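Copied from TrEMBL, the annotated features are:
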| type | residues | note |
| --- | --- | --- |
| TRANSMEM | 6-25 | transmembrane segment |
| TRANSMEM | 37-56 | transmembrane segment |
| TRANSMEM | 76-95 | transmembrane segment |
| TRANSMEM | 102-122 | transmembrane segment |
| TRANSMEM | 128-150 | transmembrane segment |
| TRANSMEM | 162-182 | transmembrane segment |
| TRANSMEM | 202-224 | transmembrane segment |
Amino acid sequence: METQTLLYWLYVALMVGGTLLFWSWSRNPKNVPQYEYSIAMLIPIWSALAYMGMAMGQGKTEVAGQITHYARYLDWVVSTPLLLLALAFTAMFYTPKQERSITLLFGLVAADVVMIVCGLLADLSENSTARLTWFLCGVGAFVAVLYLLWGPVRRIAINSDAELGTIYGKLLGFLTILWVAYPTIWALGPSGLEVFDQTIETVLFVVVPFLSKVGFSIMDLSYLRDLASRKPPQHHKAPIMVPA
């Protein structure tokens, strides 16, 4: 079995393990809403399916002499919006559902989808000018995502509860570092400057997604389970917060 194929199957196994962990936690939710667990489980399930396809030699095409794994983008276009929703729902943990900003949530998801689609188009581009143009468009959408997360969403968490604000800050910092790694890997890998080869890129695109999906969800749910067991959302009065 080739190294890349073995890495893909290892990733699938890790995603399945993460799903089972979150399912076991959902049996004893500790005042954390079930939709938090559902999101945490759906992320690795979807990602595992995409990587299983790659492990079986599917989800890739050759463009300008380079292999483009479009299955990764099929993974990201679903899993990354779910990650953003999980993070936003953590920030809004003490915000009543009817007061949560649908506009803000939609903006987050829309900017993220634009980012992923631009990345795919960059990978499918046959000339460097088009590739750079799409890459920069994706970076612009990524900046918009970071602005929303570090701006209005963060203010919601801080203003609703001091401890929740601290938790959100830790999660956001962790996820931001990992998400910055994605375009960095792309830029330095075979699709960009070719600093390292396809095998190294595969290793990085196994480690970083595992940390940003299962690793993040473990942190997120652990924090929420601890917080909610001491300060249940149904007994917490959060101020009405309108994002600026």
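Each residue, glycine too, has its Cβ placed from N, Cα and C.
Unlike curated records, TrEMBL annotations are generated automatically.
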At a threshold of under 8 Å on Cβ distances, which of 6-25, 37-56, 76-95, 102-122, 128-150 pairs most often with the transmembrane segment (162-182)?
76-95
For the transmembrane segment (37-56), give me same-chain residues lying six or more residues beyond its boundaries with a C-beta closer than 8 angstroms to one of its C-beta atoms, as numbers and ranges.
5, 8-9, 11-12, 15-16, 18-19, 22-23, 25-26, 29, 69, 71-72, 74-75, 78-79, 82-83, 85-86, 89, 209, 213-214, 217, 220-221
